[in-house]
Amino acid sequence: MTDALLPALVLATSLLPALVIFLLPEPAWRLRTAVNLAGAAAKLALVVVMLAGVAGGATYELRLPLVPGLDLLLRVDALALLFVTLSAFLWLLTTIYAIAYLGDGPDQSRFFGFFSLCVAATTGIALSGSLITFFVFYELLTLSTWPLVVHRGDAGSLAAGRRYLGYTLGGSAALLLGILWLESASGPVEFTAHGRLVGLDAGLLRGCFLLMVGGLGVKAALVPLHAWLPAAMVAPAPVSALLHAVAVVKAGAFGITRVVLDVFGPGLVQELGLGLPLAVAASFTILYGSLRALAQSDIKRRLAFSTVSQVSYIALGLALAGPVAAVGGLVHLVHQGLMKITLFFCAGALAETLHAHRVEELDGAGRRMPLTMLAFSIAALGMIGVPPMAGFVSKWWLGMGALQAGQPWVLAVLAGSSLLNAAYFLPLLHRAWFLPPRDAEAPAVPMFRREGDWGLVLPPVITAAAALAAGLFAAFAFSPLGWARLIIARDYGL
Amino acid sequence: MMPDLLAGFAALVLLSVAAGLARVLRGPTAADRMMAAQLLGTGGIATVLLLAAALDMPAAVDVALVLALLAAFAAVAFVKGASPEGTGDPEEEA
Amino acid sequence: MTALYLLDLVLVPAILLAACTAVGTRDRFAAVVSFIVYGLLLAIAWVRLGAVDVALAEAAIGAGLTGVLLLGALARMGRRADEAAAAGPPGRTLRLGAAALGAAVAAGIAAAVLALPEPAPQLSGAVAEALPALGLGNPVTGVLLAFRGYDTLLEAVVLLLALLGIWSLAPDPAWGGLPGLRHRARPEGVLAWLGRLLPPVGIVVGLYVFWVGADRPGGAFQAGTILAAVWILAVMSALVEPPAVRSLALRLALVAGPALFLAVGFAGLGLAGAFLGYPAAAGWAKPLILLVEAGLTLSIAATLALLVAGTPERAAG
Amino acid sequence: MTSAATLYGLAGAALVGIGLYGLAVQAHVLRKILAFNLIGSGVFLVFGAVAGRGGGAGGGDPVPQAMVITGIVVALSATALAVALALRLFRETGRVTLPPDPPAGARDG
Amino acid sequence: MADGLADGPWAELLVALPLAGMLLALPLGGRQAHRLALLVLAAGPVLALLLAAQLWQGGVVGVALGGFAAPLGIALRADGLSVLMLLTTAVVLCATGLAARAGFAPRPGQGETRAGLLFWPLLLALWGALNAVFLGNDLFNLYVALELLTLAAVPLVCIEGKPEAVAAALRYLLFALLGSVLYLLGAALLYGAHGTLDITLLAARLQPGPATWMAGALMTAGLLAKTALYPLHLWLPPAHAAAPAAASAVLSALVVKASFFILLRLWFDVMPALAGLGGATLLGGLGTAAILAGSLLALRQERLKLAIAYSTMAQLGYLFLMFPLAGGGTEAQPWSAGAWTGGVLHAVSHALAKAAMFLVAGLVLQAAGHDRIRALQGLGRAMPVAVFAFGLAGLSLMGLPPSGGFVAKWLLLTAALASGQWWWAVPMLAGGLLAAGYVFRLLNPALSAGEGQGWRPVRRRWQAIPLALALLSVALGLAPLLPYLLLGLGRSPAAEEGLG
Amino acid sequence: MSAWDLFTLAAVAAGAFFFLAGTVGLLRFPDVFTRLHALTKADNLGLGLIVLGLLPRAEGVFGALKLVAVWLLALLAAATVAQLVARLARREGDAGA
């Protein structure tokens, strides 16, 4: 009984708030806030329950037949939990942040309605037990994100929205075609049994893989399908956090993970000769993104290109096919989320409080907003891969995995990427901590009162702490790394 | 024998009035065209009567009756139709 | 009867010629006159084919009312500014293309007609078998009012709908008012005289056609058309004015026939166990059918007359 | 009888062709309506051929005959509505033809 | 109780009740007509559900009208396809009727007005005609029903009396008449060849031959003109754009589906054997052209209603893909009737979605006085519910989950790929992307922040009507199993085995 | 062939001749009024003779009455219409002049 109920409940904790919030009149901000936070908290609680259950070997499954051959299937496995935990945790924080960020701006019912819907879609993606279910929620995500991207309603937002839709819907079409093509040969594909695809025509399989990964690559911002992501920077900061850390980009990367691990299986991917091209594409994206980031002087755009680069670690890890690399990729799913959301929270807060949008405007920010900048610094160092930060853990496992898989060139990619990361993050830290503020008028407010609204400060501090902890306590079983190892152990049958 | 002859006459009458189509086409005035139609109407009535007799189909006489009635009707419509807006009376303006 | 083929040899070319004239001639008036002649010839053709019921309908509706409708419209659209003529005759390509299309379709249909199977499958036998139970002598009436009564019911509604459509084109200020323009006639003139003389005759003929319909060719549609025609004649002779469309009596007359048909149909659910069925008990079917026919005749006459009268254009006096 | 009926059926086929030609070639709305009526009566003649081939007394099969009567009434209804529309169009715009092409590219209307 | 449901004359009532309402509305007059009409319309979903129950319990419902069995008499027949269409029709018409009160109910203290009276009997007649089509089992009766439909639909196009609407209505009427006369010609030939026009009997008796072949071609051509399949679509966009929104909703959602429904009956029930591969491919090709041309034209429109109308043209194209794709799957696959079912589900979900869109367009016109897309800034704030409804309806058009359009498209796509005819999948996906293009192009200005203009306020309950329709079209995607099973009842074998 | 049949044939033949004459007049006469003259004379007489000829074959008195009624109706219509057409033709002529 409970087995089928829990996934539905987890989904409902964001779906219901979405529906309720849509119907709320604009001035009812108290109620809206309460509904938002209650939903987010409930979701986190349910996720914790499931975590305990799955660790103990329980499975949760909900099957909703639509028409013969088309079932909606929610199934909670370890990989699903990895993602759903991340998104549930970050959603809570993002909600707090967003409430503070938007203040008393217009159209909040619409914003938070779609915001919750977005998370519902992400939850659905995480819990999907079959390809077609995944696709359904993947589309829902696309559609519920669009109103958030264009939230401001100015010409720039609308243009970004158009670009976002153009890319993602095109990607979806490719994904759908790939899924249907595959299923027309194999029957409905669920994420449990391997070996279903064995014996199918290799050309067909390659074509399907290409279509699916290509489609997913749009959201995962694989070069050259990435151009929507920097453009979407016009959206409000919480939306950027959502795009980059909680939902959209992650959904793409998660999808690639599912396709490689649970649809084809790493063995088949290698057998078909698909791993290396994917690894090359991912590596190229990593380097290209970093290079572009280096060239940006707008903070948010720099962060955006950094995402393009960082997310591809996940694909890279999976493409290398060894269990060690796969662990590295998977754990980066979480680590990158924690670090990148911190960065965006901070960037948003800096923009709100100091009106700092460009790199040179950060001068002296450390003195004026020490907590925010501290969090920013932790995350940035993590991104660079400074030990013992979370980013270092990911890169370590990736590097080891590359060696194990006999692809030493990947080490060069990792090293180059780290150098580039350092090259575009360190100057920021330098300006913030070591340079005097540009405008001389010194803030007369006391320490900690300058930071602005606590709702803008607390979330990045927490995520930064989490990122730090993920690195420091990586060896524990319930750390992201521990969990990723569990997943890979189950998937590789180790 | 008799039905054949009657049918033959029906064909003859029809043939002769059908030639009136040329006048419908040629005009030149609306009145000419109407007259041709009128002739065709009467000839048609005659043809139907002859056919009714030839085929021994007395019910067909009713068709002739209706045609005769409607011939008058159509003719009035012709005349009306030739007036501006289709509502006039040639006698009135005369 | 070989001489009949002689007739066919005259009639068929005449029909085709009239059709060509109606389509091809430059002069629009000539085209409409040709069309009326064409209708007349078709009526003869139906007599020739032995389908007297159809001949009556074609004579009354095809040649009569349709022709009058077109004539009236032509008079109002008139010989004034005319971009159809200004645009010049249709282009050669269009004409050739249209001719090729027409010829191809005609050839296809002709081939299909020639390929129809022998002996022809038909329902005459079934109709003849079922007809006596209804007490009717005219199989066509049997088909229209009983076997395919559903079609006829829908058809009566179609007629009414056309009228509603025409009414819906009224200018708003004229709503509720009189249809069409006012006709004029010299009070003592020939037109008025004809208008006084013909209607009584026409009413007699109409009622006759209605009455014989049960057993011989005739029936509600033909009778209704004749009655409508004489009424229109009276209107054109400026003897009567059409009723205002807001008149309740008129509206009741318009819906009486189909409503009665529906009511009898519903009664059939109870009495005969089937919607639109007639009770099996002897002697019940025919009176009911006549009742329905009477209602239909009234409604069809009223509807057709107002169809020709046109859109309400004058506020009621 | 049978061959005569077929002859009228062929005439019906020709009438449909003539009517189609008229519908395509004539621009004036009334002429189009007229052409439509020609097609209609051509179709009725085909029905007549079908009925007449049935042989039997009084014009053969009564079922197609009844259908033709229904068809004639329906055609009249449609013609009346079309004529009224044409008149309204003429009164509103002075046009006796349909606008050459629907607004495909659609500027503001 | 259950027996009572299974025995009621629901099919007959579905045809007779609207007609009775229409006949009664006229003498009742303009102050009461709308009340009567709404009352009668409200009975629609109930009757359709009762018929569905009857079908569910007793299998395909057949009624010999007047007690005369075919071929002498006319039969009504309700299978799953009929019932689904009847249900859709009843729901859409109920919603449209409610929405139309805004424009066509008399204002207090006002006497009878032209549109205030005539709209309602026309709407009822339209409903009756649609029901007659969906229940008809006799090809000639279907002709009369189609004419009834046309004569009810055409006046609705120009009931507001705008000159461009009159021209559009006239063009529509001429196309429709040509279509029905060709259809009738085909019926004549079929009767000549087989001595009956009853669909069931014809299907059993059908002999291939020139007459049958020609009849099929003529009827198909006529029905295509009425369904506005490319390149016979010219009449549709002006007519559907010029009509008042409530009428457009019904025209786009339902009326074009009626002729398509007959086409389905013709091809799948009457003459599956005659539809050689060439014919089915031709229809599919024309459908593809319609999808692409209609979507591209919709993208170029400056006015909301025209854009929606062109989208109808495009969406109708999808329906024709089911001809080449029907059957198609290997016998091992459970969705062998997938394409057919998908096509029908598409028709239903499009009906719901498109009605919602046109009703929203009506609200826009009401609030703004125009429907120029560029000048709709701030609409999202002025009537958020309506814009949301528009977006939801858009989902169905794009074929994105969760919506009825998605399930439909999924079935069609699966059939295409499973049968190895992948080339039909390309226009489907492209059409979805193009649909996204025009839907979001319409949503863009609505969500943009510029205040644009002063909007007349529109009450939420008016906005709720299109929302309800849009939600239904989404719900169709969430719970398609019931309609799917319903469609299996009495489905023709050709739907499962394919044509030709 | 009975005497009545011979009477019928003779009358019908005469009627057909008048129709022919009427048509020739309609086609050959030079102006509207002379054509009208030819027409009215011809078709009324023609139809009258044919009706006369068919009377013996009529179906009882009622049938005969119907035949006569057809002729009378046609006569009536032709007479009045001739008058109206003449007026119209004169006006058209005036307008043309």
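Each residue, glycine too, has its Cβ placed from N, Cα and C.
Model, not experiment: these values are computed from the prediction.
Listed in TrEMBL for this protein:
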type: DOMAIN; residues: A:128-417; note: domain 'NADH:quinone oxidoreductase/Mrp antiporter transmembrane'
type: TRANSMEM; residues: A:6-25; note: transmembrane segment
type: TRANSMEM; residues: A:37-58; note: transmembrane segment
type: TRANSMEM; residues: A:78-102; note: transmembrane segment
type: TRANSMEM; residues: A:114-138; note: transmembrane segment
type: TRANSMEM; residues: A:164-182; note: transmembrane segment
type: TRANSMEM; residues: A:203-229; note: transmembrane segment
type: TRANSMEM; residues: A:241-261; note: transmembrane segment
type: TRANSMEM; residues: A:273-291; note: transmembrane segment
type: TRANSMEM; residues: A:311-334; note: transmembrane segment
type: TRANSMEM; residues: A:374-397; note: transmembrane segment
type: TRANSMEM; residues: A:409-429; note: transmembrane segment
type: TRANSMEM; residues: A:456-478; note: transmembrane segment
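Sequence-distant neighbours of the transmembrane segment (A:241-261) (same chain, 6+ residues past either end, Cβ-Cβ under 8 Å): 79, 83, 86-87, 90-91, 94, 97, 115, 118-119, 121-122, 125-126, 128, 134, 138, 141, 145, 148-149, 175, 191, 209, 212-213, 216-221, 229, 232, 235, 269, 278, 303-304, 307, 311, 314-315, 318-319, 326, 329-330, 333, 336-338, 340-341, 344-345, 348, 491.
Counting C-beta pairs under 8 angstroms (sequence separation of 6 or more), the transmembrane segment (A:6-25) fails to reach the transmembrane segment (A:203-229), with fewer than 3 such pairs. In this chain, the transmembrane segment (A:164-182) lies out of contact with the transmembrane segment (A:311-334); the count of Cβ pairs under 8 Å, excluding pairs fewer than 6 apart in sequence, is fewer than 3.
A Cβ distance under 8 Å defines the sequence-distant neighbours of the transmembrane segment (A:203-229), meaning residues of its chain 6+ beyond its ends; these are 138, 142, 160, 163-164, 166-168, 170-179, 181-182, 185, 197, 243-244, 248-249, 251-253, 255-256, 259, 263-264, 268-269, 272, 274, 278, 281-282, 284-285, 288-289, 304, 307-308, 311-312, 314-315. Between the transmembrane segment (A:78-102) and the stretches A:37-58, A:164-182, A:273-291, A:374-397, A:456-478, the greatest number of Cβ pairs separated by less than 8 Å involves A:37-58. For the transmembrane segment (A:409-429), the partner stretch with the highest count of Cβ pairs under 8 angstroms, out of A:114-138, A:273-291, A:456-478, is A:273-291. Distant neighbours of the transmembrane segment (A:374-397): 306, 310, 313, 317, 324-325, 327-329, 331-332, 334-336, 338-340, 342-343, 345-347, 350, 366, 414, 418, 421-422, 425-426, 428-429, 432-433, 460-461, 463-465, 467-468, 470-472, 474, 480-481; these residues of the same chain sit at least 6 beyond its ends, with a Cβ under 8 Å from one of its Cβ atoms.
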